[in-house]
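First comes the structure, then the notes that go with it.
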Amino acid sequence: MTASVRLLAVDPHELITWGLRSALTQQPWVERCLQANDLPQANRLAARYTPHVILVDGTLADGAEFHDLQEASPASRLVVMTERPSVPARLLHTVRACGFVSKSWGIEDIVAAVRLAGLGLGLAPPELSGDVPRLTMREEQVLTMIAKGETNDQIALDLKLSPNTIKQHASSAYRKLDAHNRTEAVRRAQFHGLIT
């Protein structure tokens, strides 16, 4: 795979941007990962390198300097980084972000989310209007276990159900969340606060 995605990580804490850069530059699909610790520096880098994806700390995602960042590289897909497990849909809509990542997620999940953004896919449900999908209690339970990394067979064993039944619950949840895979379903369920 050819390296083709340019990234910019913006966070006031150098350790965060350094860690992101360190993890992301190891990915074969990453052409370059820039880092900035404030918005003026991010604006200069965005204008010069036109990153495909900009990860920006949620505390910086407002005000005139943030608007300047969006203007410096209007085609960039914005991903908000937050310490919370989810963010309100209206915040993502207001800042025109394609989604969010939580700093509490594992680095593999953050890398996967950035990859989705780099591919032009949304990390948040397409309906940013705030409508929350309704999952059954069993669908929420299955998604929670998927989020913990359990396989369908492990979940079936834990819940004393057949793997086929677990697959049906998971598929139903995917449909309701308009998700195409496990990772996307978990992220969307977390986004809506359906699971933690």
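Including glycine, each Cβ sits where the backbone N, Cα and C put it.
Lifted from TrEMBL, the feature list:
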{"type": "DOMAIN", "residues": "6-118", "note": "domain 'Response regulatory'"}
{"type": "MOD_RES", "residues": "Asp57", "note": "4-aspartylphosphate"}
{"type": "DOMAIN", "residues": "128-193", "note": "domain 'HTH luxR-type'"}
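Following the DSSP three-state reduction, the secondary structure of the residue listed as '4-aspartylphosphate' is strand. The DSSP breakdown of the domain 'Response regulatory' (6-118), given as helix, strand and coil counts, is 53 helix, 29 strand, 31 coil.
Confidence in the domain 'HTH luxR-type' (128-193), given as mean pLDDT, stands at 88.
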